[in-house]
Amino acid sequence: MTGADAERWLLRLYIAGGSPRSQAALANLKGVCDEYLPGRYELEVIDLVAHPERARADQIVAVPTLVRRLPPPITKIIGDLSMKERVIVALDIEMTD
Amino acid sequence: MNAQAHRLARTPSGIVGFDEITGGGLPTGRCSLVCGAAGAGKTLFGLTFLAEGALRFGEPGVFISFEETEAELAANVASLGYDLEQLRAANQLAVDYVRVERAEIAETGDYDLDGLFLRIGHAIRTAGARRVVLDTPESLFSSFSNAAILRAELRRLFGWLKAQGVTSVITAESGGGELTRHGLEEYVSDCVILLDQRVLDQVATRRLRVVKYRGASHGGDEYPFLIDETGVSVLALASPQLAHDVSTERVRTGAPALDDMLGGEGFWRGSSILLSGEAGTGKTTFAAQFAAAACARGEKAVYFAFEESPQQVARNMRAVGIDLQRWIDAGLLHFVASRPSSSGLETHLARMCREVERFAPDVAVVDPLFKLGGDVGGMLLRLIDYFKGRGVTALLTFAESTAETPDHAGVSSLMDAWLQARMTEAGGERQRGLLIRKARGIAHSHQIRRFELTAQGVRLLPAAPAPRLAAPSAASPARSVVNSVAVPGVAVQGSAVQGSAVQGSAVQVSAVSGSAVPNSAVPSSAVSGAAKDAGREPAADAAEVERRHAAEARKRMIEIRRRELGARIATLQSKLAQSEREADMLFARQQGAEEAAAQFRREAAEAGRHRGRT
């Protein structure tokens, strides 16, 4: 895929402090990204316990929520990201290799 | 552990009437569930709770909207007279619109609603909120696929709100015969309120019912519930016990001669007075004068106008020397005008009670009392009860359809006093007469007094006709009035004799006093007798007048009967037409069915032939 190399994933993960579910989501996400998007993603982690005001902008209700800001369209993925296949599909990662 | 020990502290909702029926408002620090169908007024209930909390009780609030955007909410409360933007600017109200589009969400494992909790918590801290409204959190059920998680989380949310020490209102949509679609009432155990809107006689009527209130003996009754440009309110009608404080004060009517007829001092304060009469007898003028007299004493009066606009009443009253505008400008007179048909009777009554609540008048005028569908007697009883409970002296006018049979909308027994204004014809002109039919606890006159609408308002003429209208004698009316008052009832005859001695018009006066004996001759004859000029041969005249009146009465009765029959014929004809239409329809349906059957038979035969060939 020609354009695929240029494509970058801009991800934002909303978590609630150090809750096990949040930590699991972070670990699961890192696993997927390092495996399928090495060097092609940027991850911003927002702890809503410390910054509750940030929940509004992305309409966060459930935690954890992962927001794929790029590539478009903006997609939200909720849950601890333990279902790897679903995460891959939802993130729209093409498994060409 | 008795109910008393369980009694929860109350937080006033600020919704007029609601705090009264719940003994103080919503349970402090708890969650209350407000359910109702779409359009029942749940959101406005919540917004009013917050706006009133901020404006009147110094309690900031948080509104979490799951359905309407902030702009939509602002428009909604603006219609109730609240400025959402101003409240927000003053940090008295925080609004957060929570929207979750299911289409843009994928679920990949376990989650909770901490995001929502943190948002609400943040809003509560920022505003220093004491009150929280969650407007239909149930709509989250359409955003997330895992109903079990959602259910558990909502339950946790309600508990968490309690732990925050805020008084909260959660709205939920009722449907399918259940209080809420998702059974949220199971999670809210302290207070459940049901709002209901139904259509009666083509008029939408709102009701409110307290379904559950922990530790409180609530009636479970339905109360009329009202939403209009001045806010949300509940018609809290007093208990039907007759336990009002009774005033020993009197209230003057604005027409000194009428006061004189009422023992010289007018009505009892806090009493309810019915003024009935045909169209054009001057009921509104009396009512306006009554209100103006209260204002002139420095009291406050509220005037409920159901027939004319305030401007029109003010103009017309100016023409008879009653300056209402002056009292409106002074803030002593409050006009409330609406069309009888604009809403149901209960809604009107709710609005009236609310105005009384807000304006706290000493005197109320209802002009006129009107008949609408519903339990008129019961509702009026509650209204009058309400007036009495607040010590408001109420004058209610009622338009009679005919003077022949005194009509009082079936409420005379509820009234402390009943005045009747009537038109009589005598000497080629129509004259106005006023009669006190009853006045509880007042030794009142039983005379029918002529009165005129002059440039100085209502003026009652002397009991016996004065010799010259232009310059009525000051002494004679006062004299006759004093007599009739001092020796009421049976002794009227005596007073008449005395009056006649003073005035030298024995015949007319005795005719009047004769009529004053209860249940005696047709009153109208007495009026015309009283109205007669002195100097004519009265006995023959009176008989002649009586005959004429009797004939007119018969004519009117025939006319009424004719109209009734006409109406019945029209009803029967419309019923007949309806039946014919129904018969036509059934016939057409039968024909259609027969054709279909024939078609089916043909097809079946065709199919049979086909099978035979193959």
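Each residue's number is its place along the chain shown, starting with 1.
Cβ coordinates come from backbone N, Cα and C, glycine included.
Heads up, TrEMBL stuff is auto-annotated, nobody curated it.
Looking up the ranges B:170-197, B:198-225, B:226-253, B:562-589 in TrEMBL, the one annotated as coiled coil turns out to be B:562-589. TrEMBL lists region 'Disordered' for one of the ranges B:305-334, B:335-364, B:515-544, namely B:515-544.
In the predicted model, the domain 'KaiC' (B:9-248) has a mean pLDDT of 85. Counting residues 6+ beyond its ends, the coiled coil (B:562-589) has no Cβ neighbours under 8 Å in the same chain.
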